[in-house]
Structures are given as structure tokens and as C-alpha cells.
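For reference, the structure discussed in these notes is given below.
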Amino acid sequence: MMIAKKRKYDALWWVLALALYAVFYFLVEEKVLPNFWRLQVVVIAINIIMAASLNLINGITGQFSLGHAGFMAVGAYVSAVGTVFYDWPFALSLLAGGLAAAAIGFLIGIPTLRLDGDYLAIATLGMGEIIRVCILNIEAIGGASGMTGIPKETTFSWVFLMMLVTLYVLKNMINSTYGRGCISVRENAIAAEAMGIHTTRYKVLAFTIGALFAGLAGGLFSHYFSIAHPSSFTFLKSYDYLTMVVLGGLGSMTGSVVGAVMLTFLTAALSDYPEFRMIIYALMLILLMMFRPRGLFGNQELTSFLPKWGKGGDRHGALRND
């Protein structure tokens, strides 16, 4: 019964994904939308990848990372080096960028993820800035001027596909034994250790996987805008992704999607009024903390709000109050 229901929901989501792809492909590729909003559709998909991968670290595993833009920078530059200097195919360069970010995430995660709370936040913030400063001083990849001449290989189909892959992999990972282990680390690390769960191993693995998808998003980013610049990967960028995760709900992949869409749309809509953007951001977060302190979705997914099918026929699941 449970397997049948899972397959039913999976089929429903794949049909919905294909329908969304068809609609937005028509709007973007047929140039129904203006140039500015076509660009924003691609940016939204990239931001969803970033928010979902950060949620694996901050929401599911309960760590506090403030350097996610650093992994995006690694993916952006490594993939650009592959296509510009070595003439690699785009898919191979994208994979190389993701793996490079994952490798750095693994190496950094081993020492830093033994820390907790504010100490971990400071360590990851420093890590992100170190990566950016290193890039800033490597003249071979443009230094402070940034790396230009990157071929525009990223299309709407590419970003939508990578967004679906990211969400599908993370969803299945969270529902696996590994995901339950990460959640136990988040809820009570001491109890998890007592149950035989190697908490540092789970933290490092989550950090590495999150870095992998951030690197892939970075590769898509640099090959869409045809430039990779250090100023695109500052702490403020990491803060934006963290805001998306907190807005949607720590521990909810649905929340990551909604948070990324809302904040990207808001930023685009207020592009002519940059002085009001941070004011509205602040007010929105204050109201969120007052009325929905766990985010819009808390740690729930959209399926928690959909009808449940049981032996007695269709029934609506109760909504939990966060």
C-alpha cells in the first residue's frame, strides 16, 4: 500500500514537472516573456538549486553554513576553465566544477564540522571569503577583472533539468537511511552518537553533497552570463541563499523552492528601487519570525498538505501548527 501511494505521488510530481517545463519552455524559448523576465526564470532555477543544497546542510543536518557562495564560485570558475582553456564539452566542464566544489567542501568540512553553532558559522564565513580572495588574486583566470569570454552554453532546458535532478536526488536522500541519520544529528547529536551514528561523518557528507550541487549551480551561472566575477560570490550572496532557506522553512525542500522563487521575484521587481529592497527584506523576515518562526513550511513538504489516500478512501491530512 505504501509503495503504491509513493509511486502515485512520484508520478504526479513528474507530470507536474513536465507541465511546468512545457509552459516555461514556451515562455522563454519562444520569447513570449521580455528579455529581463526570461533571465529571471533562469536565475530562479539556479537559486532553487542553491537554496535546496544549502537546506541539506543547514536545515536537514542542522549545521550553520555561511559560505555557500564560495562553493558556487569554485564551480563557476572550474567549469569556465574547462570550456575556455581546455575546450571541454559543457557537460564535462559542469561536472568538473561540481566535483571540484565537492572536493573542497570535503577538505574544509573535515576540520570545521567538528565545530558547532556560531563557531561553525564564523569558520564557513571565513572559508567562503578565503575562496573569493584566492580567486581575486589569480591573474590567469582574470583576477579582480573577472573571467570573460565564457561560452553561453546554459539554456533553460539545462537549468530546469539540473534543478529537477537536484530536487530528486535530495528528496530521495532525505527519505533514505542516510537522511534519517542527518535528521537525528540535527535533533540531538549526543543521542545520535550514543546510538552509534558517526555524527561528523554525516555532517561532512552533507556538506560535500551540498557543495557539489552549489558547484553545478555555479557552472550554470557562469555559462549563462558568460562571465565569472569575484563580486558575484560575496558573503551577501551566501546571505541571500540563507534567507531563501529560512523564509521557506529549515528542513523543507518545498520551502526552499518557494523561498527562492519569492525572493528572486521580489529582487527583480524592486530592481529599479534598490534602496527599498533591504527594507522590505527586513520587514518580511521580522513578520516571518513573529507569525511563522519556523518558516512558511516549517520542516514539512507540500505532500503534508495534500489529500492522503487510505483504506477508507480519500481523506485530508491534518495540518500541523509550527
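Please read every residue number as a count from 1 along the shown chain.
Yeah, the Cβs are placed from backbone N, Cα and C, and that goes for glycine too.
Here TrEMBL flags 12-28 (among others) as transmembrane segment.
What TrEMBL records for 40-57 (among others) is transmembrane segment. Cβ atoms under 8 Å from those of the transmembrane segment (40-57) belong to residues 24, 27-28, 33, 63, 65, 68, 72, 154, 156, 159-160, 162-163, 166-167, 170, 173-174, 182, 206-207, 209-214, 216-217, 220-221, 224, 241-242, 244-245, 248, 250-253, 255-257, 259-261, 263-265, 268 of the same chain, restricted to positions at least 6 beyond its ends.
With a threshold of 8 Å between CB atoms, the same-chain residues lying at least 6 positions outside the transmembrane segment (69-86) that come near it are 50, 92-94, 96-98, 100-101, 104-105, 127-132, 135, 141, 147, 149-151, 153, 210-211, 214-219, 221-223, 228, 230, 232-235, 237-238, 241. Residues or ranges marked as transmembrane segment by TrEMBL: 69-86 (among others).
Annotation comment: TrEMBL describes 92-113 (among others) as transmembrane segment. Counting same-chain residues at least six beyond the ends of the transmembrane segment (92-113), those with a Cβ under 8 angstroms from any Cβ of the stretch are 63, 71-72, 74-83, 120, 123-124, 127, 131, 200, 203-204, 207-216, 218-220, 223.
Under the heading transmembrane segment, TrEMBL lists 120-142 (among others).
Marked as transmembrane segment by TrEMBL: 154-170 (among others).
What TrEMBL lists as transmembrane segment is 204-225 (among others). Panel annotation: around the transmembrane segment (204-225), residues 42, 46, 49-50, 52-54, 56-57, 60-61, 63, 65, 68, 71-80, 83, 90, 93-95, 97-102, 104-106, 108-110, 113, 147, 150-154, 158-159, 162, 166, 169-170, 173, 178, 182, 232-233 of the same chain, lying at least six beyond its termini, place a Cβ under 8 Å from a Cβ of the stretch.
The annotation transmembrane segment is assigned in TrEMBL to 245-266 (among others). Packing against the transmembrane segment (245-266) from elsewhere in the chain are residues 40, 43-44, 47-48, 50-52, 54-55, 58-60, 167, 170-171, 174, 183, 186, 277, 280-281, 284-285, 288, 294-302, 322: each is 6 or more residues past its ends and has a CB under 8 Å from a CB in it.
What TrEMBL lists as transmembrane segment is 278-297 (among others).
Taking every recorded stretch in 12-28, 120-142, 278-297 and counting its Cβ pairs under 8 Å to the transmembrane segment (154-170), the highest total belongs to 12-28.
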